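Asks: According to TrEMBL, the protein carries these features:
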type    : residues                                                                                          : note
BINDING : Ser46, Leu47, Arg48, Thr49, Trp74, Arg109, His146, Pro147, Leu148, Gln149, Cys271, Leu272, Arg299 : carbamoyl phosphate binding site
BINDING : Glu141, His175, Lys235, Arg275                                                                    : N(2)-succinyl-L-ornithine binding site
DOMAIN  : 3-159                                                                                             : domain 'Aspartate/ornithine carbamoyltransferase carbamoyl-P binding'
DOMAIN  : 182-308                                                                                           : domain 'Aspartate/ornithine carbamoyltransferase Asp/Orn-binding'
Amino acid sequence: MKNYITLSDIESLDELINEALQLKKENSVPTLGKGKTLGMLFFNPSLRTRLSTEKAAKLLGMEVISMNVDKDGWALEFEDGAVMDSNKAEHIKEAAAVLSQYCDIIAVRAFPGLEDKEKDEAETVLNSFKKYASVPVINLESATGHPLQALTDAITITETKDKDRPKVVLTWAPHPKALPQSVPNSFVEVMQKMNVDLVIANPVGYDLNPEITKKTAVTHNQAEALKDADFVYVKSWSSYEQYGKVLKTDREWTLTKDKLGNSNSPKVMHCLPVRRNVVIADEVLDSQDSLVIQQAGNRTYAAQAVLKRLLESK
Ligand code: CP
């Protein structure tokens with residue numbers, strides 16, 4: 001593996017999931033990363049991604065340096081040929097090259113603006129780091145994808161499922177703020193690679209990018225989708241069609257216990273952070289069917305498996 005920008009950087013998903021589950025079982029021997037440095041750059045906030053990736057690197061023996069670029073760094077220019085006479089003090093060409101002097105792997109979190117679809121889909125920040133860094137780059141959640149979260153989700157379903165081909169439902173949920181489509185995009189992509197029966201349920205106006213969902217059933221009927229589900233993955237996202245807009249704020253789609261009532265007692269997943277009683281009701285999050293903490297715990301092993309692959313490829 002040369003970089004981990006999208007799920008297509010994974011050569012064998014099954015092998016990577018097994019590697020992560022093996023790392024979860026064994027006490028890591030921190031020799032592979034000895035003398036190596038992971039640099040983590042955050043243009044946006046994080047709890048799980050930041051701490052689990054730092055922990056994963058340390059379990060492999062790496063040093064970790066991190067920076068809140070949005071608050072502490074120079075404002076970066078990404079345009080080629082820009083005349084830099086405004087507020088951008090440093091060009092990505094120098095920034096990425098200099099970071100490559102200090103770091104053996106660079107990891108970047110950069111969310112979308114959710115105003116200009118074309119601009120967000122260009123993934124300028126992440127792709128510029130990939131272009132100008134001379135070391136591998138990891139996506140810590142970008143404008144359109146969150147592949148570390150998706151790998152975690154695949155690991156969690158693999159270790160929890162009790163049938164060969166479980167039914168997995170990705171259901172939209174309300175949220176007061178406009179959220180990116182990155183988590184559901186990557187979740188759909190990773191599930192499409194697994195032996196699961198995947199259904200996406202969302203209100204009219206909230207269909208995800210059809211290029212991503214084209215192989216998957218999409219319904220606007222949440223109750224119908226939830227029937228016989230083995231896993232229910234809950235996530236809020238803003239409209240892709242009316243790009244970045246919040247079209248629905250009532251609680252009709254909030255996941256409550258009565259919606260799961262007489263079905264299979266499905267396992268409930270969410271990437272976190274979650275707004276209680278808006279996205280998922282307390283009674284679901286606090287029940288034995290919630291996997292959210294186990295899922296967050298698995299972030300470490302997903303990151304460790306990816307870092308291990310990148311170190312082994314160097
Ligand atoms: N799930 C996730 O990426 O969490 P953070 O935003 O806290 O990193």
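Just so you know, the numbers here start at 1 and follow the chain as drawn.
Just so you know, glycine gets a Cβ as well, placed from its N, Cα and C.
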Asks: Within 10 Å of the Cβ of Trp74 (carbamoyl phosphate binding site), how many other Cβ atoms can you find? Include all protein chains, please.
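Replies: That number is 13.
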Asks: Can you go through the binding-site residues Trp74, Leu148, His175, Lys235, Arg275, Arg299 and pick out those with a C-beta less than 6 angstroms from ligand 1?
Replies: none
Asks: Here's one to test understanding: among the binding-site residues Glu141, His175, Lys235, Arg275, whose C-alpha is closest in space to the C-alpha of Arg48 (carbamoyl phosphate binding site)?
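Replies: Closest recorded candidate to Arg48 (carbamoyl phosphate binding site) by Cα: Glu141.
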Asks: To the nearest Å, how far is the Cα of Trp74 (carbamoyl phosphate binding site) from the Cα of Glu141 (N(2)-succinyl-L-ornithine binding site)?
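Replies: Their Cα atoms are separated by 21 Å.
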Asks: Out of the binding-site residues His175, Lys235, Arg275, give me the one sitting nearest to His146 (carbamoyl phosphate binding site) by CA distance.
Replies: Lys235
Asks: DSSP-wise, what's the residue breakdown of the domain 'Aspartate/ornithine carbamoyltransferase Asp/Orn-binding' (182-308) into helix, strand and coil?
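Replies: Once the DSSP states are binned, the domain 'Aspartate/ornithine carbamoyltransferase Asp/Orn-binding' (182-308) shows 45 helix, 20 strand, 62 coil.
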Asks: I'd like to know which of the binding-site residues His146, His175, Lys235 has the most other Cβ atoms within 10 Å of its Cβ.
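Replies: Answer returned by the neighbour count: His146.
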Asks: Sequence order is fine: just name those binding-site residues in Glu141, His175, Lys235, Arg275 with a Cα within 10 angstroms of Leu148 (carbamoyl phosphate binding site).
Replies: Glu141
